[in-house]
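K.L.:
Here's the feature list from Swiss-Prot:
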- G10, A11, G12, K13, G14, T15, R127, G166: ATP binding site (BINDING)
- T31, R36, D57, L58, V59, G85, Y86, P87, R88, Q92, R129, R140: AMP binding site (BINDING)
- 30-59: region 'NMP' (REGION)
- 126-132: region 'LID' (REGION)
Amino acid sequence: MRIVLLGPPGAGKGTQAAKLADKLGVPHISTGDLFRDNITNETELGVEAKRYLDAGDLVPSSLTNALVEDRIDQDDAKNGFILDGYPRSVEQAEALGDMLAARNLSLDAVIEFRVSEDELLSRLKGRGRADDTEEVILNRMKVYRDETAPLLDHYRAELKTVDAVGSLDEVFARALQALGR
């Protein structure tokens, strides 16, 4: 299965992606991990990404798209993948659609993990990260809302919404149900 996971910071995407990847036998592809791996291994794309990150700039979509395209072409992703943290914009969603279409593939599902802002604030403040001040958290949630609302509309046909409040196992069961598993 080829799945995209959407949801605000603190919704549990990474945790659920790992569980789904294990259950479905496909790789969990996180753009954060892709950047780290390519930078650590000093690949051509990693060296280029590092220049932007070191300057405190956003990595351009074209570079992120290239990293994702390279990753989905690897053998372990031939039967599917779970994307976490990508796409983040309609532009990236269209690029992903083009990548898949060029391989005669398409997405099987897009899952949105939905959590109230109060619950997210509570979760993120409870993580104890230095950069998780209420102001920073609220800004990250606003950025997510502003960027993601158009994505939810873009993926309307494939979109499955999952209530992400509850135990890890409860949310996992809902995600599997959304996938018809």
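Heads up, the Cβ atoms here are built off N, Cα and C, so glycines get one too.
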K.L.:
Rank the binding-site residues G12, G14, G166 by the number of other Cβ atoms within 10 Å of each Cβ and report the first-ranked residue.
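P.N.:
Neighbour-count leader: G12.
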K.L.:
Could you state the CA-to-CA distance between A11 (ATP binding site) and Y86 (AMP binding site) to the nearest Å?
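P.N.:
Distance between the two Cα atoms comes out at 15 Å.
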K.L.:
Given a 10 Å Cβ-Cβ cut-off, pick out the one of the binding-site residues T15, T31 that has the most other Cβ atoms nearby.
P.N.:
T31
K.L.:
Give me the CA-CA distance between K13 (ATP binding site) and Y86 (AMP binding site), in Å, as a whole number.
P.N.:
11
K.L.:
Using only C-alpha positions, which one of G12, T15, R127 is spatially nearest R88 (AMP binding site)? These are the binding-site residues in the record.
P.N.:
G12
K.L.:
Around V59 (AMP binding site), how many other CB atoms lie within 10 A of its CB?
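P.N.:
Looking across every protein chain shown, the total is 17.
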K.L.:
For the binding-site residues listed here, K13, R88, R127, which shows the highest count of neighbouring CB atoms within 10 A?
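P.N.:
Top count of Cβ atoms within 10 Å goes to K13.
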K.L.:
With every protein chain in view, what's the tally of Cβ atoms within 10 Å of the Cβ of D57 (AMP binding site), excluding that atom itself?
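P.N.:
If we count other Cβ atoms within 10 Å of D57 (AMP binding site), we arrive at 9.
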K.L.:
Let me know the DSSP-derived helix, strand or coil state of T31 (AMP binding site), please.
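P.N.:
Assignment for T31 (AMP binding site) reads helix.
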K.L.:
Which value in Å gives the longest Cα to Cα span across the ATP site residues G10, A11, G12, K13, G14, T15, R127, G166 as recorded?
P.N.:
17
K.L.:
Just to be sure I understand the packing, how many Cβ atoms besides its own are within 10 Å of the Cβ of Y86 (AMP binding site)?
P.N.:
24
K.L.:
Going by DSSP, give the three-state secondary structure for G14 (ATP binding site).
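P.N.:
It is helical.
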